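Trainee: Take this structure, written in structure tokens, and hold onto it; I'll ask about it next.
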Amino acid sequence: MDKVVLIHRMKRGYEMNDTDKKVNKKSNLKIYIIFAIMILVSLLGGFLAGRLAAVNKDTLDGINWDNIWRIVADTLPIAYGVLMLAVFVVSFVMYGKIKRTISGWDGENEDVIVDIESRITTASYLPCVIVFVGLVLFPVCIYAVDRTYSDGRGTFLTVLSELVFLISMALYCVVEKLVIDEEKKLNPEKSGNIFDMHFRRDWENTSDEAELIMIAKSSKKGFMTGIKAGFVMWILTFMSMFAFDTGVMPIVAVGLVLIVMYVAYCREFVRLQK
């Protein structure tokens, strides 16, 4: 009787394995079909977008870009400065609240330290993002002013943009230094100086396993998001090459960034496997 039951179970196991294989084959076939459709749609969309840009090139050339750039030159440097000022005021206010909370912490309430860690992350994240925004706005300001003005007003707007850029970079370093110092009060074992080129390496070397896992997961998420954004930018720069005569440099720059990102990822992955 036991042999009969065993044989029956083995047959059921084989049948289930065959069923699982068939399901996997159907699932893989569906994935391949969807992938092929996405490729075809992307190619068709790129072709149509390119044709549309070529057909409407005369319309684009007919736009009065000088007026548009004049408006940008008159407004963007001031808006850039106001934005940077507002964000860094908020950042310093957040730092002040963090400092007061840490000073009043009794060293035992775990809920408080979790809240502090969350605030520190936000206070460090916000100025970093706005600095990257500045890396976009600053050259646009300079280009718009240079294209529009050649007199004293152009000099004023150029100097204003440069001052905003430099001051924002300095304030970013100050905020990061202050926030990192507060983090060290919570975790005295942490080491690293924000002005040191090897700060991230030193900081990670003194991080615990849970922190390293969070760093790894967030880094992978950032990497994959960057790759996706890079492909989108590649499509846009390819279209603008024909629609706006931007030349090949933008698309080459995007391609180089994608290459550097992926090569760096693969090299580090191979190194860690050894």
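In case you wondered, yes, glycine gets a Cβ from its N, Cα and C as well.
Residues annotated as transmembrane segment in TrEMBL: 31-55, 75-95, 125-145, 157-175, 222-242, 248-265.
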Trainee: Sequence gap of 6 or more, Cβ distance under 8 Å, 3 or more pairs: do the transmembrane segment (75-95) and the transmembrane segment (248-265) meet that?
Mentor: no
Trainee: Which listed stretch (157-175, 222-242, 248-265) has the most C-beta pairs under 8 A with the transmembrane segment (125-145)?
Mentor: 157-175
